[in-house]
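Step one of this worksheet: look at the structure below.
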């Protein structure tokens with residue numbers, strides 16, 4: 001059959017529009033294919049956080065460390081054809097919560113085989129974790145697919161580290177399309193969780209922009225000599241380490257940021273001082289900006305449509 005030229009043109013446009021629409025993330029992506037998916041994730045996260053309050057921060061961090069790509073590559077174990085991200089500098093020995101994601105995936109595979117991606121599980125679990133810890137909620141857009149490879153070198157180059165200065169932080173986030181406000185708000189995720197001695201040792205012995213009594217209180221558990229104490233944990237926000245609030249920013253104003261990269265946000269007269277002060281005095285503003293930044297971060301370079309796959313096991317490709 002020969003199509004008249006206008007009809008061919010219209011059909012082509014319709015196909016292109018349909019393809020573009022199918023490649024977009026949507027809040028109701030699983031409404032028909034797996035309607036109980038979000039409730040299943042929420043219930044599992046609530047149980048995990050109830051058993052281990054620290055797990056909420058760990059699941060949030062998993063999503064963040066994945067979402068300078070948002071494709072569940074952080075969950076992949078090393079394979080014959082690639083070295084994964086779990087052993088990258090910002091991740092090695094510190095990421096946790098993989099078993100929680102595994103359990104959720106097992107449940108969803110029983111309910112809706114090869115339907116809900118590991119990347120979407122991470123995104124929803126992060127939102128639900130923040131809610132469980134008393135923080136804000138937001139609408140998670142869904143429809144991400146999973147990567148079929150991972151890169152330790154990209155994780156090392158893309159993710160900000162605990163010794164980052166302000167310019168480095170701004171650059172890392174800007175490279176992913178995130179603004180200064182996004183960066184400061186997302187850094188507020190450190191209102192929950194812990195950090196290892198090896199990541200704040202240099203700060204408590206060498207930095208000058210640190211409250212003296214705060215530094216002294218940390219040195220007993222984190223001696224200057226590297227060794228067995230490297231993995232010792234201290235809260236990133238000592239007053240309320242398992243509650244999602246704005247006290248992290250009040251700590252920065254008081255020069256009590258645990259990591260060098262935390263304190264870099266305030267005190268140097270830089271572009272972020274004013275925003276830190278605002279968040280320290282206005283928890284609602286922080287919560288609102290954090291939720292907006294999480295949505296924005298969750299939309300960084302997702303695989304959609306026919307790109308990637310929906311993994312059956314989050315730790316390895318199909």
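In case you wondered, yes, glycine gets a Cβ from its N, Cα and C as well.
Note that TrEMBL annotation is computational and uncurated.
Sequence annotations record features per position, and here TrEMBL assigns signal peptide to 1-23. Among the features that TrEMBL reports, domain 'Plant heme peroxidase family profile' is placed at 24-318. Look at TrEMBL and you will find 34-112, 67-70, 118-314, 197-222 tagged as disulfide bond. TrEMBL lists 61 with the feature site 'Transition state stabilizer'. Feature annotation from TrEMBL assigns active site, proton acceptor to 65. Residues annotated as Ca(2+) 1 binding site in TrEMBL: 66, 69, 71, 73, 85. According to TrEMBL, the substrate binding site annotation covers 160. What TrEMBL records for 190 is heme b binding site. Residues or ranges marked as Ca(2+) 2 binding site by TrEMBL: 191, 237, 245.
The recorded positions shown are 34, 70, 112, 118, 190; of these, the one with its CA atom nearest the CA of residue 197 (disulfide bond) is 190. In this structure, the C-alpha atom of residue 70 (disulfide bond) lies 13 angstrom from that of residue 85 (Ca(2+) 1 binding site). Using a 10 Å Cα-Cα cut-off from residue 73 (Ca(2+) 1 binding site), the recorded positions that qualify among 118, 191, 222 are 118. When the alpha carbons of residue 66 (Ca(2+) 1 binding site) and residue 237 (Ca(2+) 2 binding site) are compared, the span between them is 23 angstrom. When Cβ neighbours within 10 Å are tallied across all protein chains shown, the highest count among the disulfide-bonded residues 112, 222 belongs to 222.
Residue 34 (disulfide bond) has a Cβ environment of 16 other Cβ atoms inside 10 Å. Taking Cβ-Cβ distances under 8 Å and a sequence separation of 6 or more, the neighbours of residue 67 (disulfide bond) in its chain are 122, 123, 297, 298, 300. Spatially, by CA atoms, the recorded positions 85, 112, 314 include one closest to residue 190 (heme b binding site), and that is 85. Of the chain residues outside the Ca(2+) 1 site list 66, 69, 71, 73, 85, 65, 67, 68, 70, 72, 74, 75, 76, 119, 147, 150, 155 have their Cβ within 8 Å of the site's Cβ mean position. The Cβ of residue 65 (active site, proton acceptor) lies under 8 Å from the Cβ of 74, 85, 90, 91, 95, 155, 159, each of which sits 6+ residues away along the same chain. Using a 10 Å Cβ-Cβ cutoff, residue 85 (Ca(2+) 1 binding site) registers 28 neighbours. Ranked by Cβ neighbours within 10 A across all protein chains shown, the binding-site residues 71, 245 are led by 71. Highlighted in sequence order, 188, 190, 192, 239, 240, 241, 243, 244, 246, 247, 248 have their Cβ within 8 Å of the centre of the Cβ atoms of 191, 237, 245, the residues recorded for Ca(2+) 2, and are not part of that set.
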